[in-house]
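According to TrEMBL, the region 'Disordered' annotation covers 1-25. Annotation source TrEMBL lists compositional bias 'Polar residues' at 7-18. Residues annotated as transmembrane segment in TrEMBL: 78-98, 104-120, 156-179, 191-213, 244-266, 278-298, 366-385, 406-425, 431-452, 464-493. For 519-645, the entry in TrEMBL reads domain 'STAS'.
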Amino acid sequence: MSHSPRESSTPTEFGSQYDTDEEQLTEVTPLTAPDGSAPQTNNRHSDSWITFKTRLRYYVPVFSWLPTYSIQIFIEDFLAGLTVTAILLPSALSYSVLAKLPPVHGLYAVVIPGAIYSFLGTSKQLVIGPEALVSMLIGSSVVQQQRYMDKEGDEVSAILIAGLITFFVGILTFILGIVRLGFLDSVLSRALLRGFISAVAIVIMIEQLLVMFKLSETAAKDGIGHASSSVETFVYIITHLDHAHILTTMVSFSSLAFLLITGFIKKKLSKRWPQVQFAPEILICVIIFTILCNILNWDEDGVDILGSIKGGGFPSFQLPFPNHSHLRDCFEAAALISVIGFVESIVVTKTYATKHNYAVSANRELVALGTANLVGSFFQCFAAYGGMARSGINDRAGAKTQLAGLINATLVLLCLLFLLSAFYYLPKPVLAAIVTVAAISLLEELPHDLYFMYKIKAWKDFALLFLTFFSTIFISIEYGTLISVALSLILVVKHSTYPRITLLGRIGDTNRFKPIKDFPDQAEHVEGVLVVRISEPLYFANTGQLKDRLRRLEEFGDMSVHPSEEARMSPIENVIFDIETMEDIDASAVQILLEIIVAYHQRGVNVFFVKLRENQRKLFIRAGITDRVGSDHFFKRIPDALEYINRVGLNIE
């Protein structure tokens with residue numbers, strides 16, 4: 001019996017047994033109805049079911065890898081999840097301190113968002129959790145809001161404020177994905193982003209020095225707080241080192257030295273013995289100093305310890321809507337966190353997708369990250385995104401699917417249920433050292449970027465980087481944030497409003513034309529004729545400067561010449577627009593183009609168009625451009641237009 005190609009195809013990976021049964025049933029189904037017509041109903045239902053399964057696998061990626069999952073893959077994912085958990089546990093506790101929240105909330109931010117992402121995310125290696133930069137931004141906003149509410153230091157209000165910011169982060173990120181704005185990872189200038197991230201790293205380290213010297217309380221009494229700039233805080237620390245707590249200082253810098261040295265050794269040894277890279281030096285540091293603190297009674301000698309951690313167990317449901325909060329400020333902070341968090345996550349996602357040759361979608365990543373944070377905001381989490389370091393460990397540990405992230409979240413949940421008491425004697429200076437190491441890692445790419453900018457003489461990027469850096473250091477993170485976002489948007493708008501037009505010249509005595517700017521020794525101006533190529537679609541944003549740019553090309557022949565110079569070009573009598581690469585044009589641009597044509601005609605300059613697209617011809621007719629220019633002024637090639645000018649005697653040599 002014959003089959004359609006669909007009926008004879010192999011079972012799909014999702015629901016393969018069901019599909020096989022369906023095919024067997026299809027074989028005994030009559031191909032024609034009693035009246036001789038084809039039975040359409042079953043085919044329509046079958047097609048709808050196949051379409052539904054295809055869409056489900058696409059939008060909920062768990063259904064694409066779960067049906068083919070195996071015990072061998074589970075073992076690899078479990079080992080990867082276990083390895084990452086050993087690194088993420090102490091880091092999550094430390095980042096909670098940065099976010100001005102109780103330590104347990106860092107673990108919450110691993111469990112809920114991490115579990116949700118494992119079902120919706122497209123990256124197999126990305127590990128979701130708290131990040132130093134995002135935590136710092138949340139902590140800064142929490143402190144600012146608490147000052148407005150006159151509740152500084154209140155844990156309950158801090159949890160609600162962080163939850164509200166995370167709620168906005170989730171909503172914004174989700175909406176960005178739904179409306180397909182996954183290209184936003186290209187909006188922030190790399191120079192601005194590098195300057196901001198580097199400055200935040202410095203701010204983090206300076207703030208942790210207060211904890212590492214145990215000067216926080218003294219500084220608060222002397223008026224040094226979160227309203228102070230980082231420079232003021234650093235000067236205070238330097239001038240008050242004689243007030244530092246000796247034992248706390250020793251614990252702080254010995255743990256910091258341990259982390260830096262072991263990290264350096266691990267990096268060196270891993271080249272020869274790859275297994276060394278999985279050593280959880282942060283967890284080892286936490287275990288060693290917690291045991292030493294318990295045995296030597298450092299807490300009795302003045303070293304601050306974590307103590308009894310409030311919370312624990314599965315994160316409880318809580319509406320993240322505090323009273324008297326400044327929603328606009330929280331929303332602004334969430335907007336920056338959404339963009340920065342997504343940029344960092346998508347870089348990791350694309351890196352490992354390329355390495356392992358599988359497809360990812362920036363838009364679906366936005367939806368997954370947005371959903372993870374949105375749900376997490378109702379379970380006392382703060383914003384969580386993917387991190388390069390832990391995702392790299394996850395990859396090298398052998399993670400094969402998103403289940404490694406779910407295993408990681410499950411292991412952290414088990415810690416919340418049964419192991420929180422083990423962190424009772426963990427010294428807070430050790431957490432500060434862990435955060436400091438994370439901040440140092442944020443500076444790793446700065447030297448490379450600075451050298452690259454110097455190498456290519458990108459002085460504008462240099463200026464943007466340092467402007468953002470110093471505004472964040474000397475004023476505040478809020479101002480640095482504002483400047484970063486504002487300048488990025490200004491640069492994007494400036495770029496998009498700059499019409500791409502090129503002056504073309506003839507190559508010798510041939511009929512070939514090339515950009516004069518790119519071929520200055522070959523392409524020559526045609527006397528009395530301005531040949532201009534419009535190299536992009538025209539719309540309301542990029543036509544505002546079109547008149548001015550055409551005037552400058554007419555006078556100087558090059559946009560790089562300063563407008564104060566004397567005109568270098570002889571007067572023109574004809575203008576030819578090559579619009580082959582102008583794929584589209586909107587109503588505003590058509591109106592401005594008509595005004596340009598009218599202005600040329602008033603000066604006695606003839607206007608011609610070359611390679612007008614069929615989809616734009618009707619628009620030119622309706623707008624009156626065709627009547628204004630003349631239907632005989634449209635040509636398929638530039639040489640044809642020049643030949644017409646010669647033939648009718650329009651003053652061309």
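Placed from the backbone N, Cα and C atoms, the Cβ positions cover glycine too.
Where the annotation comes from TrEMBL, it is an automatic prediction and has not been curated.
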Contact between the transmembrane segment (278-298) and the transmembrane segment (104-120) (3 or more Cβ pairs under 8 Å, separation 6+):
no
Distant-in-sequence neighbours of the transmembrane segment (156-179), which means Cβ under 8 A and at least six residues beyond its ends:
99-102, 105, 138, 141-142, 145-146, 149, 318, 320-322, 325, 327, 330-331, 333-335, 337-338, 341-342, 363-378, 380-383
Cβ pairs under 8 Å with the transmembrane segment (104-120): which stretch of 366-385, 406-425, 464-493 has the most?
366-385
Any contact, the transmembrane segment (244-266) to the transmembrane segment (78-98), with at least 3 Cβ pairs under 8 A:
no
Contact ranking winner - 78-98, 191-213, 366-385, 406-425, 464-493 against the transmembrane segment (431-452), Cβ under 8 Å:
191-213
Summary of DSSP states over the domain 'STAS' (519-645), given as helix, strand and coil counts:
53 helix, 22 strand, 52 coil
How about the transmembrane segment (78-98) and the transmembrane segment (464-493): at least 3 CB pairs under 8 Å, pairs 6 or more apart in sequence, or not?
no
